């Protein structure tokens, strides 16, 4: 079994830069996931985020989740549950307009901590997009421009806790899916595991590692790279012991961004691989995804092809 790709970003600054870029390229082409260490976000910042997130769950959300479980009779289920997930969540929006001040039940200090963390993640996401551009042979900034639309990217964090589950064989923490958006940055619990990705028809654990950031690619990067990079199905397995913390931050296109394969990549691959993905408005894709999240992505792309004739390409996103 191949080892899950773990990439030390500090190595981009020295003699190992070429080898590190090759590791990122291989991870994007063959895994759709990789794990970053020495990514520039201070450990003390991450420790503070973890402390406040776990404290907020205990104080404000744990009892609500127990009441929800009791109301649905989930502790006594005898057959597989396919229409819900064993997770307690809330969502913070950062861009284009933050909602952090409006989310109820957050301590003011937690709000400030998350604002700071989000700015650091945004910077890291944009650095990573430029590394992907370099590996793809696209001009620097191409992917950020492709996501920009009229108001800039959508960026937000799904804060999740996965409590102990009495029937993990029957209830998933989070059912298998690909992510709809662009690039996802995950700060996950380093003590309680559960995240798995599908590779070569096998479910593989994403190793919990202290102070790492797990990266995965969404459907939009698969489209823009014309399939050179793939979004990969992943899931969360519920555990009988321990509550797993997960902060998944989604750097996504603007709602009105027009997404389509990069012309330079289509031309380069023309002999063996014509343009196989549609062009569409990201918001249209998200409306479809909301209904079909836990189904295969290919029918979503096919549905977008049916709408393609009405989509105008925004010249800002061309090479």
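Placement of Cβ uses the backbone N, Cα and C atoms for every residue, glycine included.
For the Fe cation site, Swiss-Prot lists 177, 179; matching the candidates 94, 234 against that entry yields 234. Local packing around the binding-site residues 177, 234 was summarised as the count of other Cβ atoms within 10 Å of each Cβ; on this measure the leading residue is 234. Surrounding the centroid of the Cβ atoms of 177, 179, 234, where the record places Fe cation, the chain contributes additional residues within 8 Å, namely 176, 178, 216, 231, 232, 233, 235. Taken residue by residue with DSSP, residue 234 (Fe cation binding site) is part of a strand.
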